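A short write-up of the structure that comes next.
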Amino acid sequence: NLWQFGKLIMKIAGESGVFKYLSYGCYCGLGGQGQPTDATDRCCFVHDCCYGKVTGCDPKIDSYTYSKENGDVVCGGDDPCKKQICECDRVAATCFRDNKDTYDIKYWFYGAKNCQEESEPC
């Protein structure tokens, strides 16, 4: 769920996901359209695509389980759908960590009006 996603961002990227990524670029936050503004926004685009492939549960509200093993987040549990949600979140949080240097404050609360180009397919 979105609360867990925020926690994973904190664990993996060391950033406050709720504040930093809630409304960033064209894809971080609710919805998404246009072209990703930078590598950070592309993390959100890929995350949106990943959520779009999840079937049988709701990525925004269903909870999942994970643990940390040797410093890495490992998704667990018996429910394959919830495990898929966890993997989407884990990959996105890792992407945020790996692309911290591309985060540009000018894209914070960027607004959909700036994202009018045709969206690329997942």
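Every residue, even glycine, has its Cβ placed from backbone N, Cα and C.
Remember, predicted model here, so these are calculated numbers, not experimental data.
Per Swiss-Prot, the features are as follows:
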type	residues	note
DISULFID	C26-C115	disulfide bond
BINDING	Y27, G29, G31, D48	Ca(2+) binding site
DISULFID	C28-C44	disulfide bond
DISULFID	C43-C95	disulfide bond
ACT_SITE	H47	active site
DISULFID	C49-C122	disulfide bond
DISULFID	C50-C88	disulfide bond
DISULFID	C57-C81	disulfide bond
DISULFID	C75-C86	disulfide bond
ACT_SITE	D89	active site
MOTIF	105-117	motif 'Antiplatelet activity'
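Projection of Swiss-Prot feature records onto the structure.
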residue : record              : DSSP (3 states)
C26     : disulfide bond      : coil
G31     : Ca(2+) binding site : coil
C44     : disulfide bond      : helix
C50     : disulfide bond      : helix
C57     : disulfide bond      : coil
C75     : disulfide bond      : strand
C115    : disulfide bond      : coil
C122    : disulfide bond      : coil
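Within 8 A of the CB centroid of the Ca(2+) site residues Y27, G29, G31, D48, the other residues of that chain are C26, C28, L30, G32, Q33, C44, F45. Put simply, D89 is the one of the recorded positions C26, C81, D89 whose Cα lies nearest to the Cα of C95 (disulfide bond).
Considering only the recorded positions G29, C57, C81, H47 (active site) has G29 as its nearest partner by CA-CA distance. For the motif 'Antiplatelet activity' (105-117), the predicted model reports an average pLDDT of 94. A separation of roughly 13 Å, to the nearest angstrom, links the Cα atoms of C50 (disulfide bond) and Y27 (Ca(2+) binding site).
Within the same chain, residues at least 6 positions away in sequence whose Cβ sits under 8 Å from that of C43 (disulfide bond) are C28, A92, C95, F96, N99. Separating the Cα atoms of C81 (disulfide bond) and C115 (disulfide bond) is a whole-number distance of 31 Å. Counting every protein chain shown, the Cβ of G31 (Ca(2+) binding site) has 9 other Cβ atoms within 10 Å. Proximity note: of the listed disulfide-bonded residues (C26, C75, C88), C88 have a CA within 10 Å of the CA of D48 (Ca(2+) binding site), given in sequence order.
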